[in-house]
Amino acid sequence: MSSNFSSSLIKDVPASLVVFLVALPLSLGIAVASGAPVQAGLIAAIVGGIVVGVLGGAPLQVSGPAAGLSVMVYGFVQKFGFETTCVIAAMAGILQIAAGSAGIAQAALAISPAVLQAMLAGIGILIALGQMHVLLGHTPKGSALNNILGLADSVPHVNVSALIVGGSTLLVILVWNRFVAKRVRLIPGSLVAILVGTVVSLFVPGQIPHVTIGSGIFQEFHLPTLGGHPIGDLVLAALALFVVASAESLLCAVATDQLHSGPRANLNRELFAQGVGNTLSGLVGGLPITGVIVRSSANIAAEAKTRLSAILHGVWMLVFVLMFSGLLARVPMAALAALLVHVGVNLVKIKEIRKIAEFNEVIVYAVTLTGVVFINLLWGIGIGFALALVLLLRRTAKVNLSTETRGEEIHVTLRGHLSFLSVPAVTSQLRSIPAARTVHMRFEVDQIDHAAIEAIRAWRVGYQNAGGKVVKEPLDVLWRELLPRSLSTAA
């Protein structure tokens, strides 16, 4: 036992340091993108690492603030204020605890991949558009359309110093990931880039904005408050956060399972742990938490063996905050903006779009993406989900009915799903069969329901009353086992 623990410890401690180095700049950047105090991102990283790490059902998954929630959280902060957004995070956490306890975590995986990938891509585009202005030395303009139109004003009035800092940061990220990352796996490019951007900021002329950390992270808790907002609005916001955060965490757990050969994730336990983490993070002024694939994949790539790695990464984050948080005030906002532009662009995954195209769901992807970017996140997801459902029903209703004439006999073969949705199309085609013939019917269907059986029975009665004949195919299991119960009265 002690030997196994020692061997795990040898792997988990270095892995935890790698994850800490990955998580630190991302936690700062995501807090900025969310319109929240930077300490909120650090608090969420600490809670996600320690609390969710201890309780979680996916041992090698690492949780913390996620780019996938930043646009939603930004909207909440703008509408309700940050303190009330903390209440929403805690409420969503309570819903996750209830869902995990009820054992319904699998339901969160029912979201269409096209909708999910479009949601993430839309979030990425929104992040990149907003942070482009910060990269140029200005502030985001709110909506995607305003950010696009606002570039015409920001570019001519660029803050050259901010652009140099941001540009050098972005260049380091790209060069590091392209040429260095595979050789130096223990040092994340994002951290190196932020350090380079910070050093460059010391030598550029003029003033550029830096991270505001206040007198100390634990001296400036943002305790949650309802803020006088209608409780109904808060409940709806919590429900939305619950759905998106749960889906993102559980899909991350499934993806993480594919990267290692260790124990598989217990999704209900993971959802429960995410709920505890979000409740606690919200109560102490942190951002909402999800499982994060960037941190989780870094954890596995660093050869972590147990949940201890995720827990220790949270401990290192806490130690850094307690001892070195003052250093964060030296980080230029333009450097974080460059990191966020890179993160945002990477959320648009070309490989996933190709997979979606293979399943003919590009229209769902495009509509969802457009809705997320130009309306808002919730409307985009809702429209995409509704369209995916409509297309599913359409496919379910699609039946392939083929006929072959052999003299006075007509052979009819039905393929696909026979349900109430397909009844109009099936009956229309059956009624087009010439009268007074002998019709041989064969079913090669995946599914047949009562409504379809009754519709075929009614057609058979009418066809035979008009002088025709309908012959059963004796080898067809569905015809023998399902239809006689409905057709016996018509014989």
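The backbone N, Cα and C atoms fix where each Cβ goes, glycine too.
A TrEMBL annotation is a machine prediction, not a hand-curated record.
Just so it is clear, the model here is predicted, and its values are computed rather than measured.
As recorded in TrEMBL:
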- 9-361: domain 'SLC26A/SulP transporter' (DOMAIN)
- 13-33: transmembrane segment (TRANSMEM)
- 40-60: transmembrane segment (TRANSMEM)
- 80-102: transmembrane segment (TRANSMEM)
- 114-136: transmembrane segment (TRANSMEM)
- 156-177: transmembrane segment (TRANSMEM)
- 184-204: transmembrane segment (TRANSMEM)
- 234-255: transmembrane segment (TRANSMEM)
- 315-343: transmembrane segment (TRANSMEM)
- 363-393: transmembrane segment (TRANSMEM)
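Note on the transmembrane segment (156-177): residues 134-138, 189-190, 192-194, 196-197, 200-201, 204-209, 332-335, 337-339, 341-342 of its chain, located 6 or more positions outside it, place their CB under 8 angstroms from a CB of the stretch. When each of 13-33, 40-60, 234-255, 363-393 is scored by its Cβ pairs under 8 Å to the transmembrane segment (184-204), the top-ranked stretch turns out to be 13-33. Long-range contacts of the transmembrane segment (363-393) within the same chain: residues 71-72, 75, 111-112, 114-115, 117-119, 121-123, 125-126, 143-145, 240, 244, 353, 356, 421, each at least 6 residues beyond the stretch ends and with a Cβ under 8 Å from a Cβ of the stretch. Regional average pLDDT for the domain 'SLC26A/SulP transporter' (9-361) in the model is 90.
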